[in-house]
């Protein structure tokens with residue numbers, strides 16, 4: 001939100017760099033980052049969409065192969081295409097945003113010629129007449145070749161397991177190869193569990209943030225006696241959902257004890273949740 005804040009005209013490079021660092025730190029970082037960026041790029045606020053495109057280009061250049069692999073999937077490319085297509089958001093997206101999105105996709109066809117889906121997506125835009133001609137990219141817009149980044153695997157971070165696996169794989173004894181297979185399977189399972197934890201944390205914190213923001217808006221209208229019966233029902237439903245999110249946050253906190261940054265993020269979300277539930281009780285329940 002800070003890196004794509006539409007109220008600022010200049011890029012917040014400190015926030016953008018922190019965003020890239022977070023993408024690199026999390027196992028599922030590229031997947032979640034691209035999901036968030038797609039949402040921001042589709043924003044009806046021009047400045048927010050343009051900032052998000054700058055963040056995207058910076059991630060492409062700083063977040064390595066895992067990020068490139070995710071961005072080259074149709075799942076993400078289709079979200080960019082929606083910004084250009086008159087069937088979706090193209091009817092109200094500004095020309096400036098559409099021009100930048102076209103430049104981004106075209107620049108990827110130049111820098112990632114091996115990514116067939118990017119080439120296909122761009123050719124489809126040309127065939128449909130959405131892109132009339134290849135954009136002329138200014139020198140400062142063309143991304144430099146991305147720097148290679150090692151895979152973020154447990155074998156990369158756990159030196160002992162890495163050495164043990166290398167020794168087992170070199171062995172000619174069947175029992176050692178079987179042990180290597182078990183080790184690989186256990187590491188895969190461990191990474192999947194970590195990934196699931198990260199997914200639960202990101203989704204829950206995101207839901208808490210959205211619910212708190214919406215409840216705060218509705219409570220403000222309630223104070224002014226401007227809340228419709230339908231909105232009152234929405235407010236009550238949000239309160240009930242937020243009550244259910246509290247124990248989920250406690251469970252996530254117990255899972256993240258070893259990760260100070262994640263724990264701080266969860267506790268911050270818990271504080272916001274407690275605050276808005278307190279506001280509800282004070283303003284609505286008391287009446």
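Cβ coordinates are placed from backbone N, Cα and C, and glycine is handled just like the others.
Nobody curates TrEMBL annotations by hand; they come from automatic prediction.
According to TrEMBL, the feature domain 'VHS' maps to 3-133.
Taken from TrEMBL, the feature region 'Disordered' applies to 135-155.
According to TrEMBL, the domain 'GAT' annotation covers 158-285.
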PLDDT averaged over every residue in the domain 'GAT' (158-285): 84
For the domain 'GAT' (158-285), the number of residues DSSP places in helix, strand and coil: 115 helix, 0 strand, 13 coil
